[in-house]
Amino acid sequence: MTLRVLGVDPGLTRCGIGVVDVEKNRRATMVAVGVVGTSPDESLDQRLLLIATSIDDWLDRYEPHVLAVERVFSQLNVSTVMGVAQASGVVIAAAARRGIPVALHTPSEVKAAVTGSGTSNKDAVTKLVTKILRLDAPPRPADAADALALAITHAWRAGSGAAIATTGPGSQSLTPAQRAWAEAEAKARRAR
């Protein structure tokens, strides 16, 4: 069976979106790629609405089995982190409304899966995404290439169980850190 993964590189100014079909033999094919751009001159609610509407369109058009979203990580620029977190929330909610599982991947996980090194730069990721997907030209801007890399990463890391091994609703597969967190929360609730 072919696994269809919609990758999202979330951002408030540029939100990269890429759809990839991956065969059991790991052969990946690009279905679609794009970037949703919003203007800093617009109000926050209008920017998030544009991202939400665009994601809804992509989900309805391409019907992915799973979403792969870049995990928000701490940066020095708090406003950038907030924008990424807000865009991520809109994307995750859109998937949840449709019952589509969502998997979160860190930037270093994506770099390691696509290039073999978790410290690769964006140019290396773009170059290898172009090669893996057998594209005539690199996807631009970098947000588009990153979205495709997220989709590839999820399919390759999760293997044949990629649609199941997610952090979404009904997930039976937790990372060790997620399992430890859940156990700590359960223990704290019992102690009350």
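Cβ atoms are placed via backbone N, Cα and C, with glycine included.
Swiss-Prot has this to say about the protein:
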ACT_SITE  ASP9  active site
ACT_SITE  GLU70  active site
ACT_SITE  ASP143  active site
BINDING   ASP9, ASP143  Mg(2+) 1 binding site
BINDING   GLU70  Mg(2+) 2 binding site
COMPBIAS  182-192  compositional bias 'Basic and acidic residues'
REGION    163-192  region 'Disordered'
How would DSSP class GLU70 (active site) in three states? strand
Sequence-distant neighbours of GLU70 (active site) in its chain (C-beta under 8 A, six or more apart): VAL8, ASP9, PRO10, VAL84, SER88, LEU104, HIS105, THR106, PRO107, VAL110, ASP146, LEU150
For ASP143 (active site), what is the tally of other C-beta atoms lying within 10 angstroms of its C-beta? 25
Helix, strand or coil at ASP143 (active site), per DSSP? helix
Surrounding CB atoms that lie within 10 Å of the CB of ASP9 (active site), all protein chains: 27
